[in-house]
Amino acid sequence: MLAPTTTTQATTSKSSTIKYRPLEHIYRHEKLRYYRPGGFHPVLVGDTLGESARFVVVRKLGQGTFGVVWMCWDKRATRLRAVKMMQAETSEEDFKKEVGLLDLLSKGGGEVSVEEAHKNRLAVLLEHFWQDGPNGRHLCLVMPVLGPNVMKAKTFGDVDFLKNVSSQIIGGLAFLHSKGVAHGDLHPGNILLQTTLSDLEREDIDHLLDSQLNYELLFAEGYDGAGPHAPERIYECFDWAKVDPKYFKKEISIIDFGSTFKASDPPNYQTIDVSLRAPEQFFGSLPSQASDLWALGCTLMHILGSSNPFRRNPLMKTWSPVHRWEDALGPLPQPYRAKWIASRGATRKRKYEEINESQPVSLTEEQLGGAKKRRLEESGTEDRAAAAAGYGE
């Protein structure tokens, strides 16, 4: 069970007024099963990391499958930094991917510095170090503190700002591609707003940052604490919604280069979510810079529109990419049409081959027209091409 306290009033006292939370409540903030040998390093706010206790843990920024990101005060640089601590068992492989990014970019023509990468919207590492602990040896990636993901910009209600942000994303990806590299996992969650929090003095930070709810781990009778492999308490992720928008810059940074690869040597596996995956990736093609561009288009639609046009409906048991493509873009074109029909089996193949190429294969004409009409009504605009073709009538 979990007993909530705050970082400003940490306590281990147990009164009758304490409200206990089940483990499920905190899973969106912490994956407790990863605190094990080979997994996450147990960290508490106030702990120090790095050589000479250089980094003081201030807040928890976020968590993924492979690591936890902590907001830390860098005593040497006298400013806030983000330190991402990777799982011990994946740290060696992560080192090759994350730390080698600048080398990978430099192989594309001319040495690329940290400053040049940051100027071109790529949040590359400032430095790295290794942290030994009860769960193993952890790679720690030191980066600038960045704000919430780019979808936060939509709440500002500034269309020109969103257009400018979109232009920055295009520019950042273009720079990456110019070096012969593909991102491999571009989506709104990997595009963050820059922030001025790092410019604050140490004494101002705790006054600005809201108290962070954290949970003391309570154990059933017979269990003597968390042991060496897990922390005594766990923390909510930092809530950027509580930060005054004046601390957000009108600039973005692209993050997470764990799936990045040299365009001439693509991986033989897919890492990006299926709703952002390019059509050719469903028909045997490997990831590429071209598939990056498809993901870019989906991302821009999400930022400037209402959502990713090919998103999965969580209420549907099955998800058909072809259905989503045709619903959004019209009849499936060649060569994907022929490949999709060939995958249907001999009996169904003949049925689909009889359908005119101007017609959809996964929707009826009526459904296609209805989808067009629905989107026009939602956007409040007139699609003259659709009207001329008779869609939605």
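Cβ coordinates are placed from backbone N, Cα and C, and glycine is handled just like the others.
Noted in TrEMBL for the protein shown:
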- K84: ATP binding site (BINDING)
- 375-385: compositional bias 'Basic and acidic residues' (COMPBIAS)
- 55-393: domain 'Protein kinase' (DOMAIN)
- 351-393: region 'Disordered' (REGION)
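Taken as a whole, the domain 'Protein kinase' (55-393) shows an average pLDDT of 85 in this prediction. Cβ neighbours of the residue listed as 'ATP binding site' (same chain, under 8 Å, six or more residues apart in sequence): G67, V68, V69, W70, C140, L141, M143.
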